[in-house]
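Worksheet: one structure, shown below.
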Amino acid sequence: MVEVGSRVRGFLRNRWLVFVAAMWMQSCAGVGYLFGSLSPVIKSSLGYNQRQVAGLGVAKDLGDSVGFLAGTLCAVLPLWAALLIGAAQNLVGYGWVWLAVTRRVPVPPLWAMCILIFIGNNGETYFNTAALVSCVQNFPKSRGPIVGILKGFAGLSGAILTQIYAIINTPDDAALIFMVAVGPTMVVIALMFIVRPVGGHRQIRPSDGTSFTFVYSVCLLLAAYLMGVMLLEDLVELSQLVTVLLTVILIIFLLVPIVIPVLLSFFSDDDETLYALLLPSPRKEEPIASTSSEEQQEVILSEVEDEKPKDVDLLPASERRRRGPRRGEDFTLMQALIKADFWLLFLSLLLGSGSGLTVIDNLGQMSQSLGYEESHIFVSMISIWNFLGRIGGGYFSEIIVKEYTYPRAIALAIAQVLMAIGHFNFAMAWPGTMYVGTLLVGVGYGAHWAIVPAAASELFGVKYFGALYNFLTVANPAGSLVFSGIIASGIYDAEAAKQAQQRPLKCEGAICFFLSSLIMSGFCIIAVVLSLILVYRTKIVYTSLYGKQRT
């Protein structure tokens with residue numbers, strides 16, 4: 001009984017349990033990716049035009065990306081408290097939107113609706129920050145896979161929630177908004193005491209390779225299964241019983257990774273369990289910022305950073321300072337903001353992810369303008385491609401830096417080339433454009449959110465990763481404001497006004513997004529150039545960080 005009790009305690013403190021719980025939380029945390037399905041409901045119910053809907057989209061993107069408060073609270077509060085705040089915001093924001101759309105309360109003015117959507121989507125920043133900070137600290141030497149998988153599940157949440165919504169079988173389209181308000185809130189509250197940093201066993205373990213391979217396999221099978229289900233539902237009229245069965249299988253896929261901490265805790269005689277059992281009893285959870293200096297040293301340094309010569313200044317001569325951190329060491333946000341490399345990374349992200357987010361937010365209108373009645377299939381598909389882009393971006397960029405000691409930003413440039421081709425494909429509106437375009441833009445957009453956070457942690461450290469990450473995410477709403485709020489919506493409404501004098505304005509045909517898609521394709525090419533400049537500037541950094549690992 002004593003041994004069983006010890007193993008149960010080891011299980012509850014197992015870093016793989018934290019990682020799996022974070023995956024579950026992220027699988028319903030990306031509710032913003034459902035905006036392409038929510039916006040037609042809001043538009044038709046409240047009589048908005050496309051520019052007004054785009055304004056709601058920008059508010060959604062701001063809420064999803066402005067995470068300074070979440071980063072600060074995650075540093076000064078226990079993570080469970082920060083997660084509870086995020087869950088409350090999600091419930092209140094989207095819950096009030098649902099009440100307004102169903103006319104259960106008076107319809108607020110547009111600015112108030114923007115605030116409500118901002119509040120609801122801002123809850124995601126607490127979920128993302130808590131998951132990433134805790135797992136990056138628990139797995140400091142596997143940043144690429146960790147960030148890629150967690151951000152991948154956030155990207156996949158649109159397809160997961162869409163499939164779960166399918167079993168509700170209600171003619172009320174507003175029910176999707178209700179599910180967005182209630183579902184993630186319940187999941188986060190259930191997991192908020194599990195997702196946290198666990199001390200003392202953060203080094204690489206012999207079983208890590210096998211465990212990550214298993215998780216990757218589950219991810220690929222999950223994506224393939226969801227894609228098959230979505231195509232089946234699009235081509236064949238399924239009975240409610242079959243839909244429920246398919247959804248149950250989906251939930252089983254999501255639960256499968258729990259076998260990793262179970263096996264390591266209850267059926268392993270070395271690895272995670274013994275390391276956990278050697279730890280002292282956990283104290284009351286302390287804020288992340290109060291971690292001891294020795295533990296911070298263990299958390300923030302990777303095996304290659306430990307080996308980095310102390311007397312080698314990696315900064316270019318024009319930026320070299322007598323005092324302050326070198327790239328690869330820990331920068332505060334203010335220190336990072338004066339570095340050219342940080343702004344190259346930010347601007348490249350702004351142009352790439354901003355254009356991708358514009359497609360995600362306008363998928364409903366894009367598909368309808370090309371003659372597709374249902375946008376759900378494309379929302380689900382781009383969610384799946386987004387997921388695979390994040391998984392693949394983390395995996396392949398890790399190979400690039402560790403096997404070839406080449407800057408991670410080269411993978412970012414490749415992703416942006418794919419996006420430029422995808423936007424051009426949307427502009428041409430060839431047969432099958434919606435399928436090919438969602439593939440290229442979804443994969444490229446998703447790769448940004450595995451590559452950029454990992455690159456930022458390598459160049460500027462992970463001690464202040466929460467603040468750095470949440471500043472970089474501002475690139476999303478900034479890009480969306482320009483591409484969606486000004487360019488795409490303005491051109492759409494102008495073309496709609498030429499076609500018919502009706503309210504709300506509706507545009508039909510390839511012309512609706514032709515010019516805006518060409519513009520976004522051009523900006524993705526500019527992003528490629530910025531990424532290549534960053535590659536050139538940081539070659540010496542990656543050679544120093546990862547070069548010794550190959551010798």
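Just so you know, glycine gets a Cβ as well, placed from its N, Cα and C.
Any TrEMBL annotation is an automated prediction that lacks curation.
As given in TrEMBL:
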DOMAIN    15-262  domain 'Nodulin-like'
TRANSMEM  16-36  transmembrane segment
TRANSMEM  66-88  transmembrane segment
TRANSMEM  148-168  transmembrane segment
TRANSMEM  174-194  transmembrane segment
TRANSMEM  214-232  transmembrane segment
TRANSMEM  244-267  transmembrane segment
TRANSMEM  336-357  transmembrane segment
DOMAIN    336-542  domain 'NFD4 C-terminal'
TRANSMEM  377-397  transmembrane segment
TRANSMEM  409-428  transmembrane segment
TRANSMEM  434-456  transmembrane segment
TRANSMEM  468-491  transmembrane segment
TRANSMEM  511-536  transmembrane segment
Of 16-36, 66-88, 148-168, 377-397, 468-491, whichever stretch has the most CB pairs under 8 A to the transmembrane segment (244-267): 16-36
Outside the transmembrane segment (468-491), six or more residues from its ends: residues with CB under 8 Å to it: 50-51, 53-55, 57-58, 61-62, 64-68, 70-71, 125, 129, 132, 331, 333, 336-337, 345-347, 349-351, 353-355, 357-358, 361-362, 452-453, 456-457, 460, 512-513, 515-516, 519-520, 523
Contacting positions for the transmembrane segment (16-36) when only residues 6+ beyond its ends and CB under 8 Å are counted: 56-57, 60-61, 63-64, 90, 94, 120-121, 124, 127-128, 130-131, 134-135, 138-139, 146, 149-151, 153-158, 160-162, 176, 180, 183-184, 187-188, 191, 194-198, 211, 215, 254, 257-258, 260-261, 264-265, 272, 360-364, 375, 378-379, 382-383, 386
Criterion met for the transmembrane segment (434-456) and the transmembrane segment (336-357) (at least three Cβ pairs under 8 Å): yes
Range from 66-88, 214-232, 336-357, 511-536 with most C-beta pairs under 8 A to the transmembrane segment (409-428): 511-536
For the domain 'NFD4 C-terminal' (336-542), the mean pLDDT of the predicted model: 88
Stretch of maximal Cβ-Cβ contact with the transmembrane segment (66-88) [cut-off: under 8 Å; candidates 148-168, 174-194, 214-232, 377-397]: 174-194
Stretch with greatest number of CB pairs under 8 Å, the transmembrane segment (377-397) reference, 148-168, 174-194, 214-232, 336-357 candidates: 148-168
